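Enquirer: Feature annotation from TrEMBL assigns signal peptide to 1-15. Residues or ranges marked as domain 'Ig-like' by TrEMBL: 46-158. If you look up TrEMBL, you'll see 165-260, 266-355 marked as domain 'Link'. Among the features that TrEMBL reports, disulfide bond is placed at CYS211-CYS232, CYS310-CYS331.
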Amino acid sequence: LPLLLKATLLRLASASYHPFYNGFYYNHIMNDDGDGQDKVDYFSGTKLVVETSKDPVYSYNGANVTLPCHFRYEPDLGPKRKIRIKWSKLRDDYTKEQDVMVAIGKTYMAFGDFKGRAHIRQASRHEASLVISDVRLKDDGKYRCEVIDGLEDESDVIDLRLQGIVFPYQPPRGQYRLNFHEAEQVCRDQGAILANFNQLFQAWSEGLDWCNAGWLADGTVQYPIRLPRKPCGGVHLAPGIRSYGPRHRHLHRFDAFCFSSALKGEVFYLDRQAGMTLEEAKQSCQDEGAEIARVGQLYSAWKFLGLDRCDAGWLADGSVRYPIATPRANCGPAEPGVRTFGFPSKGRFGVFCYRER
């Protein structure tokens, strides 16, 4: 035991003169008082630099995407060193990180929803790019690429944005009936997720104008206004995103802003001469090897595939809607959009079906 203790103390003493050696060098600077206390350690010699794309990387639901990340040493240290690579997904406010993947050499481990979908691409000596397959709606966001070499730890952040559409949603019960958790669920039920602020802002910049407040993914309640008017914050406020700020996730009730991305399949319309009830509509889709379309799928088909049909059809939530890409007489307002008849308790209509490709 005394010999072991002595060896440990010797190593600790040695470390006080050379805190770590891995090709990097640290100098101790004495403070101005000359009392023998260290003022600061400064780094000299080789510098580790990590770089990702400064521009966002765009993808869509179901696609494969690569988030580029490269590192280098200044000056170059020659042959590749055995470093640790860590990828994390950030919250919008940077307060919390979700582990995505850790890699050391050719050994790596992915976490959570990224298991089986993520790996590191190391096509070159100093590459640490992240490859995500079968991209999902909630993959949208900021990612941190972190490279660790001994005591050196450098990182950079890259933005993954999904091409998609934001749509406001009210349940059959009517306006302002959803708490935050119910809003999350109704968006999932429609093949979507709660939109984040950046997605809502993008939708507003593309023309979304909606006077009803809705939940966003961060627990805030907001709504986009292009044309200021009295019931929507007043005529004297500039156009923009109106915000109620964070609301109580259980007690307060609003609508929801959902986000859906491009589709892996197709939406098509079926009809019978006499129309169909909702149950008949669901069966008709199944007979075609499909399922009745969800609201998010209809919006995505309208936005990304140019779906244009001036015939009303059932959707999975019991609503009746139709998409118009080219406005014309007898097909609703003069602007493109998805028209709605609400949630009729009875009636016979066609149906929109969705089928995977």
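Glycine too: its Cβ is placed from the backbone N, Cα and C atoms.
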Enquirer: With Cβ-Cβ distance below 8 Å and at least 6 positions apart along the chain, what are the contacts of CYS211 (disulfide bond)? List them in sequence order.
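Expert: Residues satisfying the criterion: TYR223, ILE225, ARG229, PRO231, CYS232.
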Enquirer: My understanding is the cutoff is Cβ-Cβ under 8 Å with a sequence separation of 6 or more in the same chain; which residues meet that for CYS310 (disulfide bond)?
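Expert: Listed in sequence order: TYR322, ILE324, ARG328, ASN330, CYS331.
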Enquirer: Within 10 angstroms of the C-beta of CYS232 (disulfide bond), what count of other C-beta atoms is obtained when all protein chains are considered?
Expert: 19
Enquirer: Among all protein chains shown, how many Cβ atoms are found within 10 Å of the Cβ of CYS331 (disulfide bond), not counting that one?
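Expert: Around the Cβ of CYS331 (disulfide bond), 15 other Cβ atoms lie within 10 Å.
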Enquirer: For the domain 'Ig-like' (46-158), give the DSSP counts of helix residues, strand residues and coil residues.
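Expert: With helix first, then strand, then coil, the domain 'Ig-like' (46-158) has 6 helix, 62 strand, 45 coil.
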Enquirer: Could you tell me the mean pLDDT over the domain 'Link' (266-355), as a whole number?
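Expert: Looking only at the domain 'Link' (266-355), pLDDT averages out to 96.
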Enquirer: Could you tell me how many residues in the domain 'Link' (165-260) are helical, how many are strand and how many are coil under DSSP?
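Expert: Counting residues per DSSP class in the domain 'Link' (165-260), I get 22 helix, 30 strand, 44 coil.
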